[in-house]
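Per Swiss-Prot, the features are:
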{"type": "TRANSMEM", "residues": "4-24", "note": "transmembrane segment"}
{"type": "TRANSMEM", "residues": "42-62", "note": "transmembrane segment"}
{"type": "TRANSMEM", "residues": "69-89", "note": "transmembrane segment"}
{"type": "TRANSMEM", "residues": "93-113", "note": "transmembrane segment"}
{"type": "TRANSMEM", "residues": "131-151", "note": "transmembrane segment"}
{"type": "TRANSMEM", "residues": "158-178", "note": "transmembrane segment"}
{"type": "TRANSMEM", "residues": "217-237", "note": "transmembrane segment"}
{"type": "TRANSMEM", "residues": "247-267", "note": "transmembrane segment"}
{"type": "TRANSMEM", "residues": "271-291", "note": "transmembrane segment"}
{"type": "TRANSMEM", "residues": "295-315", "note": "transmembrane segment"}
{"type": "TRANSMEM", "residues": "333-353", "note": "transmembrane segment"}
{"type": "TRANSMEM", "residues": "358-378", "note": "transmembrane segment"}
Amino acid sequence: MKRFLLCSFALVLLYPAGIDMYLVGLPRIAADLNASEAQLHIAFSVYLAGMATAMLFAGKIADQSGRKPVAIVGALVFMMASLLCSRASEGSLFLSGRFLQGVGAGGCYVVAFAILRDTLDEHRRAKVLSLLNGITCIVPVLAPVVGHLIMLRFPWQSLFYTMSAMGIIVGLLSLFILRETRPARLAPRDLSRSSPAAESLVNRFFVSRLAITTLSVSVILTFVNASPVLLMEVMGFSRGDYAITMALTAGVSMVVSFSTPFALGLFKPRTLMLVSQGLFLTAGVTLSLAHTNTVTLFGLTLICAGFSVGFGVAMSQALGPFSLRAGVASSTLGIAQVCGSSLWIWLAAILGISAMNMLIGILIGCSIVSILLIFSVAPNRSVAEHEEIPYQSRS
């Protein structure tokens, strides 16, 4: 079991590392490529577009050919794309590399969740996904620090050499440590129950959890996207104050994420999901009524706590009905989360909604819709029946 957890954690970490590692070198990258920082900020959107593109195909391929081949290819693509970025001499080549980085990270991301669905029952999976969320929260804090230390002695290209090395490590883990977990053939009496046709992506329960997780990701990405404006322009924080504040909010996320597995031993998953949405609603009301920086910071802290306590549980429930189509389900969740959050941020920008109102709107909207879905669509018996699925154990 340890090998599956190690490989899943490593596969997921490529995604946030690809976002955060290079940001500290953005001014130098822009200068060397004769591009403005504003032009290169599109690299974030290009990276997400690459992830979404990979997710369209990676899940289905993983269900048909296995998790291991997709993990190896994804890590290889991430490694080569990182080298392409390091060799870029102009903006378009750099953006091409960023797109391919997203493709590699997206494939690995999908496989990681499929592996956890294959190897863990719902109770353990919810705990592991909460821990995974906490570990992921470390990356946005550590990656810029590591990038800064690297750039004290080396050029910006070294940031992408580092990411390339990460791709190599993940590829080696996938090649030599990871074992295939794609479900083995089922007994004839189980085929009708667990066939791809029965594991529909349009069943009410999956759609409800897809909506909840997509709205939750929209909340946290809106917070990340709006935080520079809120903290430095509206609240008057310096760059140093901003970095400290974001580190503290990431610390809150880690503490809550690492505490959630223990909470699952005391409370039902539904209770934690309701607590999560209650925290979102409280954060939205707090921010709308805040007149001091202290109250605003309290509201922002509630956002991080709310996301950390409920997201892993909701993701675990979303994957629960799927045994033979875990890859496709994971892909669908990833695409919805990336595209849904990007659409909200884009629409808010087009409509001229302020950063604070953008955040308040998604907080209140997410909490109300999610609470209604939690009460109206509960896990049914068939979800539990899909949990115990034998998997292949081939190296």
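Including glycine, each Cβ sits where the backbone N, Cα and C put it.
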Beyond the flanks of the transmembrane segment (93-113) by at least 6 residues, Cβ under 8 Å: 7-9, 11-12, 14-15, 18, 29, 33, 35, 40, 42-43, 46-55, 58-59, 62, 67, 70-71, 73-82, 84-85, 87, 160, 163, 167, 170, 315, 319, 326-327, 330-331, 333-334
Result, the transmembrane segment (247-267) in contact with the transmembrane segment (333-353) (3+ CB pairs under 8 Å): no
Stretch-level contact, the transmembrane segment (4-24) and the transmembrane segment (158-178), CB cutoff 8 A, at least 3 pairs: yes
Within-chain partners of the transmembrane segment (131-151) [C-beta distance under 8 Å, separation at least 6 from its ends]: 8-9, 12-13, 16-17, 19-25, 28, 116, 158-159, 162, 224, 243, 246-247, 250-251, 253-258, 261, 307-308, 311-312
Contact yes or no, the transmembrane segment (358-378) and the transmembrane segment (69-89), 3+ Cβ pairs under 8 Å, gap 6+: no
Same-chain residue ranges lying at least 6 outside the transmembrane segment (42-62) that approach it to Cβ under 8 Å: 15, 18-19, 22, 69-70, 74, 94-95, 98-107, 109-111, 114, 182, 327-332, 334-335, 338-339, 342
